[in-house]
Amino acid sequence: MNDSLKAQCGAEFLGTGLFLFFGIGCLSALKVAGASLGLWEICIIWGLGISLAVYLTAGISGGHLNPAVTIALWLFACFPKQKVLPYIIAQFAGAFGGALLAYVLYSSLFTEFETAHHMVRGSVESLQLASIFSTYPAAALNVWQAALVEVVITSILMGMIMALTDDGNGIPKGPLAPLLIGILVAVIGASTGPLTGFAMNPARDFGPKLFTWLAGWGNMAMSGGREIPYFIVPIVAPVIGACAGAAIYRYFIGKNLPCNRCEL
């Protein structure tokens, strides 16, 4: 791995960890510290966290911060194949690190909450706290319905990311693109968050899930109490959705724009 790629992976690690730290910190404040936050406020914090992370990293790595985005850009926007796996590893590691850091700062409040509510980690009831770190679907949704939600919202996310970063599509977005992407995430979260927690990012979900598995929630963290282990859904569905969104943008919008594009 050359020095340039190391720097890019380092940026992906830091950026992914940063927005996870903000998002998990927000949910920790809500659930174990008694903060008063509504759905829109939570979504805005997640969205602005992503915007700030992209601003931090875009000049070095492009600010992917999401394996689904990296894979879609490789398949549909000429991102170099040799960078895909290192980026993804850095993103998963960053997500784990962001979850760990947020937990360290709030650990005493987690312990106090569990003691006060007689909550045992690894029980179904403990998913209430595990959901601070990663996503689980609403009880009324089965695994396949949750997967469909994640495919749809990630396809919207990816299609809009390509539109917002494509200077050939209307007015150049330039420095506004990260902010607009953050607003996009907040809007998606506000409209569909109660269904699945709007993961849209395998690293954002599995990195913290791995942390909770190690931190005492065990298999319950991975399965979500479902017969089909739920951790699979936020890994696979966002990749499918991102590729679908990129393909739709590429073939219905991008190919009709007056600019040069790489050939598949």
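Placed from the backbone N, Cα and C atoms, the Cβ positions cover glycine too.
Quick look at what Swiss-Prot lists:
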TRANSMEM  10-30  transmembrane segment
TRANSMEM  42-62  transmembrane segment
TRANSMEM  84-104  transmembrane segment
TRANSMEM  143-163  transmembrane segment
TRANSMEM  179-199  transmembrane segment
TRANSMEM  228-248  transmembrane segment
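Only sequence-distant pairs (6 or more apart) were considered; of these, at least three Cβ pairs between the transmembrane segment (143-163) and the transmembrane segment (179-199) are under 8 A, so the stretches are in contact. Counting residues 6+ beyond its ends, the transmembrane segment (228-248) has Cβ neighbours under 8 Å at 66-69, 71-73, 75-77, 134-137, 143, 146-148, 150-160, 162, 196, 199-202, 204-206, 209, 221-222 in the same chain. Counting Cβ pairs closer than 8 Å and at least 6 residues apart in sequence, the transmembrane segment (179-199) and the transmembrane segment (42-62) reach three or more and so form a contact.
Residues of the same chain lying 6 or more positions beyond the ends of the transmembrane segment (10-30) and with a Cβ under 8 Å from any Cβ of it are 37, 42, 45-46, 48-50, 52-54, 56-57, 60-61, 63-66, 87, 90-91, 93-95, 97-99, 101-103, 105-106, 109-110, 131-133, 203-204, 207-208.
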